[in-house]
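K.L.:
What follows is a single structure, and I will ask about it in a moment.
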Amino acid sequence: MKFEDLLLEIGGFGRFQILILAMLCLPRINLPMHFLLHNFLAATPSHHCAIPHQEAFVNLTMEEVLLISIPQKPDGTFSSCEMFSQPQFHLLLNSSLQPENKSIIQHCQHGWVYDHSQFTSTISTQWDLVCEQRGLNQATATFFFIGVTMGAMVFGYLSDRFGRKTMLQLSLVCSVVFGMLSAASVSYTMLAITRTLTGVALSGLSLIVLPLGMEWVDIQHRTFTGILSSIFWSVGNMLLALAAYLVREWHWLLVAVTGPCLLSIICLWWVPESARWLIAKGKVKQAHRHLLRCARMNGRKDFAVSPEENMPLTMYAQRMALQREYKNMGGSYSYISLFRTPVLRKISLCSGVVWFGVAFSYYGMSLNLTGFGLSIYLSQFVFGIIEIPAKMIMYVLVNRVGRRPSQAWTLILTGVCIGANIVIPKPFTSLRSVVAIMGKGFSEAAFTTVFLYTSELYPTILRQNGMGYTSFLARLGGALAPLVFLLDEVWRSLPEVTYCGVAVCSGAMAFLLPETLNVRLPEGIEDIE
């Protein structure tokens, strides 16, 4: 007896499930608004060293003041991090002349002047996180994803122990609290700590929303459920571009992207706990109440009013009771259980590598919106909108071709697109934009597939542990992705080469996973082995 047999009686995809998915899609919209917020929160506008005693040059234009005060790069632009120790008036006669003495070039001594035409303020301009402090600017995203990484392990375990809905509510409340504290930060240290804690809290949303929805729908609609949830991530992606365009001040931008969590908290009160989880924990009467509610809303009047009279429910509950008895005899389930048996060990190792590669390449592309000839707001919007057709195509592919080849090839093609932009010259901005948008589409297709695929690979008793483990590795990839940008000081193309290599190798690893197309969700470890 499987839970799917119960779903056949109560309706595996009716008004009840549609309403649940609608409620759960609201937190999904909010996730990318925080996960990709670094693009605008820590944006670095064009800047140059502050020039002291500028009132002494009243007869010179601003361009001439910069010419005698700031060294020029080979491409003719002014340096962002260097200045002359003394004004070089001879450059007014011929700007192509070299400074008389290289030793007169020094690092900025009096702070920086920023171009505020695009951003009123960001954390870069607030605390001068440029030049020698550039690493701290990128580290802001890393701190956030370290929090998400820690949260993945915590919420994966807690949601299997205390329930999906309870942990989802806790996650939303903590997200609001720490998000607002981030907006009120008065120092870089305070921001780093609160953004890390926000990442911990938001990890619960990322981890629980999809499995909770999936555990209420039948086999035929699992793919649709995964794709629908993923489409709302893309909607959040586009709304982030709109919010950042309208709110140019970083404190208020944080408030704007955190506020919608309050609406999610209100809507979540209606969402029921997972009946699968309740039965697995022996709470059969509580599960029956939710199942009865589902049956009535879906128009199934013949579902037994009493749990004792419902034969499929009784048989399924007895099977889960045997598994609990095994657990009480010393066979408790934990993250270690993911590696105890041969097939589950192989699944855990391979899916972990795939998740790392998916997140590493996705955030490597998503956090780099420059160099394509588009404004940062338009790039964010286009990168979001291209994800929707990518998901639509994946809806067809994962049902026709299968989960495994879809996962492998989307990752490999992501790497190919990243690699192609390494060799395409910078002046070809239109071609580079097209290739980047294609790569973003493949990358999002890989992310969409991996959420659906992984939730089908692990048994119910270990599903949240499995999702927690793989999400941990994904967030580790997300945490490392921003820091890889700093490798451009070693070799300009090294970040892109790294993203490309990881995407291709992790895509190849996906071929080692089992296919789950049209296979029932496994309930216990014996179903996997």
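Backbone N, Cα and C define each Cβ position, glycine as well.
The domain 'Major facilitator superfamily (MFS) profile' annotation in TrEMBL covers 87-518. The feature transmembrane segment is assigned by TrEMBL to 139-158, 170-191, 197-217, 224-246, 252-271, 347-365, 377-397, 409-428.
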K.L.:
Taking 3+ C-beta pairs under 8 angstroms (sequence gap of 6 or more) as contact, is the transmembrane segment (224-246) in contact with the transmembrane segment (347-365)?
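P.N.:
No; fewer than 3 Cβ pairs under 8 Å.
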K.L.:
Are there residues at least 6 beyond the ends of the transmembrane segment (252-271) whose Cβ is under 8 Å from a Cβ of it, and what are they?
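P.N.:
19-20, 23-24, 26-27, 29-30, 33-34, 37, 40-41, 165, 168-169, 172-173, 175-176, 179-180, 182-183, 212, 240, 243-244.
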K.L.:
For the transmembrane segment (197-217) against the transmembrane segment (139-158), do we get 3 or more Cβ-Cβ pairs below 8 Å once near-sequence pairs (under 6 apart) are dropped?
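P.N.:
The transmembrane segment (139-158) and the transmembrane segment (197-217): touching, yes.
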K.L.:
If I take every residue in the domain 'Major facilitator superfamily (MFS) profile' (87-518) and average their pLDDT values, what number comes out?
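P.N.:
Per the prediction, mean pLDDT sits at 86 for the domain 'Major facilitator superfamily (MFS) profile' (87-518).
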